[in-house]
Amino acid sequence: MHNIHRRNFLKAAGAATAGLVTANIALNAYASSVAPKPQAGKSVIGLIAPKMDVVRVGFIGVGERGFSHVEQFCHLEGVELKAICDTHQAVLDRAVDHIVKQNRPKPAVYTGNDLSYRDLLSRDDIDIVIISTPWEWHAPMAIETMESGKHAFVEVPMALTVEECWQVVDTAERTQKNCMMMENVNYGREELMVLNMVRQGVFGELLHGEAAYIHELRWQMKEIDHKTGSWRTYWHTKRNGNLYPTHGLGPVSQYMNINRGDRFDYLTSMSSPALGRALYAKREFPADHERNQLKYINGDINTSLIKTVKGRTIMVQHDTTTPRPYSRHNLIQGTNGVFAGFPNRIAVENGGFGQSYHEWDMDMQKWYDKYDHPLWQRIGKEAEINGGHGGMDFVMLWRMIYCLRNGEALDQDVYDGASWSVVNILSEHSLNDRSNSVTFPDFTRGAWQTAKPLGIVGA
């Protein structure tokens, strides 16, 4: 009996030791991914590409989001739409038809398999590539785009692991090519106005921000074979964290000059139970349907808190499951006042229009009149006509092409894309460790300390 107990004890002790070793290996792997790696090339902060009289564009992915970009590019001057790629013939045909109807030359078409995009990348008459594919393809395609000598413009998120983030950063530095994650919300009218107000000191010294992606998308679960829900639904069965942080976080980061005088230091994260998607599947699908066989593990509501090196705080939330109105929060609080979105409202102690800071001022027109961003003043009406999330898509693409044609640095660089995207992964790490804090990698390798703040750009 004694020997049996001893054997069981030794077996348990061995299992515990193995568990500790496994945990230490995982911890060491995470620590090594956080530590700055040897620089692969020169920093691309402020990278300016040689001027392009005409920007020649290739598109990888022209389905839901990609087709929207095709539509917007047809309204831009100084661009040629050279080639498009997708695995679905129907969306390719739609994109080609639209381009031709806009009196533009018919683009080359690439399809056939998941790697057909490499044929597009092999062309020598393309300057930039717009990547609008499922998330898992973003980093690999961006890396191959830069390695082919082209600038990469990739949809959100830029990458799905810490290692992928580093690989994209390293490739940009080694090739000296732009990799911009196309965070369109940074170009919304309100976001640009608030950026202008922040730079003019309206809110005083910044203290705290709140960002979110609150967008009920359960209906996408009914997209089974094609469209976004056909692949996005499965991420709710693979991860528990903030799956989609950048729409709210991008603008708040620019307000705070993240990677340009401050940077994210550490994060802690919590998730609610994951209930809503299983309930929706039970209500909307037959019992034997695939959607009812999935195990949904991503908490319906995730809340993460970020601390910056300068001590500022940012709350970031994700909720695409519960029935509630859309919101990105878009709150920025300073020593002199606050702006909050959804609905837009302002309260300031000094420098306002006479209203007490104990009450919200929701009359935005006078604030627009005084602080509208120069970009929106220049092309806002054109953006509203051409559409794209209220015009922000058009402003983003217009600004991208303007910078490339005029030899200016882009407003968002690879370090921004990595820093905003990595919240996805770090929130998961924190949740798996009882919401203990996790450290952000410094993708700039210290260059954030001397990088110039993002200015109020004109046009």
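Placement of Cβ uses the backbone N, Cα and C atoms for every residue, glycine included.
Per Swiss-Prot, signal peptide is recorded for 1-31, and the stated evidence type is sequence analysis. Annotated NAD(+) binding site per Swiss-Prot: E64, R65, D86, W135, E136, W137, H138, E155, V156, N184, Y244, in sequence order. Taken from Swiss-Prot, the feature substrate binding site applies to Y213, R232, Y244, P245, T246, H247, Y326.
Structure coloured by features recorded in Swiss-Prot.
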{"residue": "E64", "record": "NAD(+) binding site", "Cβ contacts under 8 Å, 6 or more apart": "S132, K227, T228"}
{"residue": "E136", "record": "NAD(+) binding site", "Cβ contacts under 8 Å, 6 or more apart": "L160"}
{"residue": "H138", "record": "NAD(+) binding site", "Cβ contacts under 8 Å, 6 or more apart": "I131, V154, E155, P157, M158, A159, L160"}
{"residue": "V156", "record": "NAD(+) binding site", "Cβ contacts under 8 Å, 6 or more apart": "M181, M182, E183, Y244, T246, H247, W420, S421"}
{"residue": "Y213", "record": "substrate binding site", "Cβ contacts under 8 Å, 6 or more apart": "Y244, P245, H247, G248, Q317, H318, D319, T320, R328"}
{"residue": "R232", "record": "substrate binding site", "Cβ contacts under 8 Å, 6 or more apart": "P134, W135, L217, Q220"}
{"residue": "Y326", "record": "substrate binding site", "Cβ contacts under 8 Å, 6 or more apart": "I214, H215, E216, F342"}
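DSSP classifies E64 (NAD(+) binding site) as helix under the three-state reduction. Here the Cβ of D86 (NAD(+) binding site) has 25 other Cβ atoms within 10 Å, regardless of which shown protein chain they belong to.
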